[in-house]
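Taken verbatim from TrEMBL:
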BINDING   B:Ser47, B:Leu48, B:Arg49, B:Thr50, B:Trp75, B:Arg110, B:His147, B:Pro148, B:Leu149, B:Gln150, B:Cys274, B:Leu275, B:Arg302  carbamoyl phosphate binding site
BINDING   B:Glu142, B:His176, B:Lys236, B:Arg278  N(2)-succinyl-L-ornithine binding site
DOMAIN    B:2-160  domain 'Aspartate/ornithine carbamoyltransferase carbamoyl-P binding'
DOMAIN    B:184-311  domain 'Aspartate/ornithine carbamoyltransferase Asp/Orn-binding'
Amino acid sequence: MRHFTCVQDIGDIRSALEKAKYVKENPYADQHLGKNKTLMLIFFNSSLRTRLSTQKAGMNLGMNVIVLDINQGAWKLETERGVVMDGDKPEHILEAIPVMGSYCDIIGVRSFAQFENKEYDYNEVILNQFIQYSGKPVFSMEAATRHPLQSFADLITIEEYKKKERPKVVLTWAPHPRALPQAVPNSFAEWMNATDYEFVITHPEGYELDAQFTGKATVEYDQKKAFKDADFIYAKNWAAYQDPNYGKILNSDRSWTVDTQKMALTNNAYFMHCLPVRRNMIVTDEVIESPQSIVIPEAANRVVSAQTVLKEILLELQ
Amino acid sequence: MRHFTCVQDIGDIRSALEKAKYVKENPYADQHLGKNKTLMLIFFNSSLRTRLSTQKAGMNLGMNVIVLDINQGAWKLETERGVVMDGDKPEHILEAIPVMGSYCDIIGVRSFAQFENKEYDYNEVILNQFIQYSGKPVFSMEAATRHPLQSFADLITIEEYKKKERPKVVLTWAPHPRALPQAVPNSFAEWMNATDYEFVITHPEGYELDAQFTGKATVEYDQKKAFKDADFIYAKNWAAYQDPNYGKILNSDRSWTVDTQKMALTNNAYFMHCLPVRRNMIVTDEVIESPQSIVIPEAANRVVSAQTVLKEILLELQ
Amino acid sequence: MRHFTCVQDIGDIRSALEKAKYVKENPYADQHLGKNKTLMLIFFNSSLRTRLSTQKAGMNLGMNVIVLDINQGAWKLETERGVVMDGDKPEHILEAIPVMGSYCDIIGVRSFAQFENKEYDYNEVILNQFIQYSGKPVFSMEAATRHPLQSFADLITIEEYKKKERPKVVLTWAPHPRALPQAVPNSFAEWMNATDYEFVITHPEGYELDAQFTGKATVEYDQKKAFKDADFIYAKNWAAYQDPNYGKILNSDRSWTVDTQKMALTNNAYFMHCLPVRRNMIVTDEVIESPQSIVIPEAANRVVSAQTVLKEILLELQ
C-alpha cells in the first residue's frame, strides 16, 4: 500500500480482515518493520481517539512517532502562484509540505471539512496536497469526506460480533446540536458496500449523502422500518450534503434518537458509534449502557485498524 | 501495587525507601518491565516538574509515553445520567475514560482542587472516575487533596540528608500572592506521619489542615518555637481549609517568610520546598541559595519516586 | 563538544564536514551513544523545521526526546535577586533551569531576539542562563544572534552542490513585511568566514550587520554587482542592526527580490534560503521552483547538522 485514504486502498477486504486479526493477536510481532522509521501525525483539527490510537499503533510497530498540532488559524499556507506574500501567510505549501516529508517516512493527516466551500471540501484539497508534494506515503486520520481508519475499525468490530454470515447493518442518522461533516457516514457506507452485508441507511429527508459513497445501499426514510431485524445499528449525525443546504442542520428531531423501543424492533442488534457521542441526542443512556452496546471495543479496534494500515505501508517501504 | 494515590498504596515505608534506593542506583535496570507498555499522562492542569520527571521515569523503564494536555475549559465531560447532551459537553465520562484506558497500560492523572466546591474537591471526583472507569492502574500526578509523588520524593530526600535516626521535620506555612490547594501539605503530613520522625506543623491560626492528613502531628502556631532544633524545614503556602473560609487567603504576612534569622533557631536545618517557589515571600534569597538548601536534589528525586511507583505497578501487571 | 552555540564550537570545519558526511550516510549507526540519554528541546518561540529535524536527529541517535513548549508570555521567570515575588513571575531562574537540567542529559534552547533591548538580545541572556545554571550541555536551536544548526546545514549543502573548490557565495538581503532578527545572516556570515570561500554580503544601506559576524566579508551595496559570477545566492531578510534603528524595517523595496533576471547575472548559481520564505518578496516563484533552487535538500540537511552536533556532545558525555 502506498497511500491510504479510502476503502479501495486496503485491497481485498477479506484479506485485510485477516491481516487485522493477525495484528490484533500479535501486536508487537512486527517491530523490525518500524525500526528507525518515523511516523509524523499532523493534526489540523483536534483529536483524542485518533491521536492516541494511531500513536499507539506506530509505537507497537517500533516506529518513532512525532505529533504535530497545527492550529487551524495559525498555519495559513499560501497555495497560489504569483502572489506577493506580504500578508498573513508566512509559507507556501510548495515549500512546507516537502520539508515535512523530508523529516519522516510516513505522514498521517487530519483535516476536516470546513463547510465553507463544498467543492474545496469534496476535492480533499489539503489531503491531496500532502499526497502530491510530501514525497512520502500519506494516510488519512479523517479528511473532509472520509474517515477510513474509523470505518476499518467498525468493520473489524462487526466481524468480531456478527452471528450470521451476512448481517443486516443499519446506518441511522440521529440529532446533534452542531453541524457535523459527512466523513464518518460517507466512509462507513463505502466500507459496508465493499462487503456482502445487507446495508440500509435511514435518515430524514434532505439528509441524502453523496451517491459516490452510498452506492448500492438501500435508503429508507422510515427509521422504524429500517431497524426491523437489524443485527447492527450504527448511529451518527451529519449535516446536510445536498445543495443548497450543504453543511446545514435541517432537523433536530429527537424522535430520531436511538432508544430501547427502537432497538426492540431489531434482531437484538449491537449498538455502534464512532464516539464522542451525545447521550440522549444520538442514543439514550439505556441503549449505550446495555450489554449490546459495543462502542468501547469498537474504539479499541482503532489501534488495530491503524496498525494494520501502517504495517502494510511499512511493508511497501522495505 | 494497583493504584497509587496516597501513602497507604506504597505499603511498608522502609521497604519502599529500599526500592527507591535501588531504582536511583540502577535507573535502566528494569526496561524489560516496561517494554511494549504504554504510559499515558493526562494533565488537566499545567505542569513542568511532574510532566518531565514522570516522562523520564517512564522512559527509564522502557515504556512508551503519551502525554495528553486537556485544557480545563476545553474538555467538559458530562457525568450525570439522563441529561440531554445538547450543550457544551460533547462527551460523557462513561465513554471517554474507558476509551483512554483501552489505549494504554497505566494512566497518570493531574487534576487540582478548583476551590469551587469543597466536597467535590475532597471527594477526588476526577481521579476516582479514572480509577472506576478506565480499567487500568491509575496514579496521581497531584490530585485535589494529595501530591503523593512529591511527598515520596520529599521522604527519599530527607532519608538521604538526615544525620540522626529520628530527625525533627517542620512543615511551615508561608505567604503567597495566590490561593493554593492543600494537596502538597496534606500529602506531606500524611507521609511524615507514616515515619517515626518528630513532625511539627506551624501556620497562622485559621490555616488548620484536614485532620485526616495531619493526624498525630504537633501543631504549633508560633513559627519560631516550631523551628527550634528542627533538622528539616519544609515550607509551603496553602489557602484555608476550614469552613467558611475554604480556598481563601486569610493572611499574607511576610513575617512568616523563612529567613536566615529563623533558620538560625534550627539545628542547622536543611531547607526544602516542592517548587516553584516565590522568593522573598516563601523564603529569602539567602536561605534558598545557602548550602543547606536542598530544593534541587529534592526536585531531582521526583524521577526516583515516579519510577519506583511505576515499577511497582508494572510488576503487578506482569 | 560541551556546548554548541557558534561556529567555534564545532572545531575544525573540514573535520566537522567529514563527520556530517558520515552521519548522513549512516544515520542509525550511533544509537549506542544515545541509549538511555534524554534530549530536552525547549522552545520559547514557535518552530516547525527545527523542532522536527532536531527531534528526528535525537531519535536517529537512539535518544529519548522530550519537547517542551514554553509560551513566551506564560513562563515569566524572575532573574533578579532580592525581588519580593508577589507578581506575575511564579519562579526564579535559579530554581527553574537546574531542575530542567536534572531531568535530561542534553538541552536544546530556542529563544529569539525580542528587539526590545539590543544589549539584552546580543548578550544572549536566556541561552547563557541555560549554559550557566542547567549543569548540562546546551545547544542553540536559534538564539537571539545566531542560528548555528541552520548555518551548519547550509554549509553541508554548499559542499554537496559546489562545482569548484572555492565557490563565490553571496548573502543577499531581500524585503519582508515583518521585522526579523539577524540570527540567520549573522550566523551564516560567521560560518562562511570559517571557510575559504569567496563571500560577499549585499544589502541596502542601513542594513549593516554586526562586524563581529561579518568579519572579512566583502560588503557590496549594489545587488547586481554582488550577484556577478556567484555560485550560490543565499537570500534572507533581516531588520536593521545599527543604532538608532535596531529592530526596525528601513526598506521594503521589492527591487531587492531575487528574480530570474538577477540570477542570470550569476554563474548559474544555486538558490538557497533557510525557510519559511515569502514568495515574490524574497524570491520569485520562477527562481524558487527552478532546478537551481536547493531549498528542500537544504532543509533536509537540518537533520544532518543537528545529528552531527548531538553526536559530538554525546561522545563527550561517554
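Keep in mind that glycine also has a Cβ here, set from the backbone N, Cα and C atoms.
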From the binding-site residues B:Ser47, B:Arg49, B:Glu142, B:His147, B:Leu149, B:Arg278, keep only those with a C-beta under 8 angstroms from any C-beta in chain C, and list them in sequence order.
B:Arg49, B:Arg278
Which binding-site residues sit within 10 Å of B:Leu149 (carbamoyl phosphate binding site) - Cα, from B:Glu142, B:His176, B:Lys236, B:Arg278:
B:Glu142
Helix-strand-coil residue split for the domain 'Aspartate/ornithine carbamoyltransferase Asp/Orn-binding' (B:184-311), DSSP-based:
47 helix, 20 strand, 61 coil
By CA-CA distance, flag whichever of B:Glu142, B:His176, B:Lys236 among the binding-site residues is nearest to B:Arg49 (carbamoyl phosphate binding site).
B:Glu142
Over the span of the domain 'Aspartate/ornithine carbamoyltransferase Asp/Orn-binding' (B:184-311), how high is the average pLDDT in this prediction?
97
Check B:Leu149 (carbamoyl phosphate binding site) against DSSP and tell me helix, strand or coil, would you?
helix
Using all protein chains shown, find which of the binding-site residues B:Leu149, B:Cys274 scores highest when you count other CB atoms within 10 A of its CB.
B:Leu149
Among the binding-site residues B:Glu142, B:His176, B:Lys236, report those whose Cα falls within 10 Å of that of B:Cys274 (carbamoyl phosphate binding site); none is a fine answer.
B:Lys236
Expressed to the nearest Å, what is the distance separating B:His176 (N(2)-succinyl-L-ornithine binding site) and B:Ser47 (carbamoyl phosphate binding site) at their Cα atoms?
19
What three-state class does DSSP give B:Arg49 (carbamoyl phosphate binding site)?
helix
Least buried of the binding-site residues B:Arg49, B:His147, going by other Cβ atoms within 10 Å?
B:Arg49
Chain-internal residues near B:Ser47 (carbamoyl phosphate binding site), provided their CB is under 8 angstroms and they sit 6+ positions away:
B:Arg110, B:Met141, B:Glu142
Of all the binding-site residues given, B:His176, B:Lys236, B:Arg278, B:Arg302, which residue's CB has the most CB neighbours within 10 A?
B:Arg302
Determine the Cβ neighbour count for B:Glu142 (N(2)-succinyl-L-ornithine binding site): the number of other Cβ atoms within 10 Å of its Cβ.
27
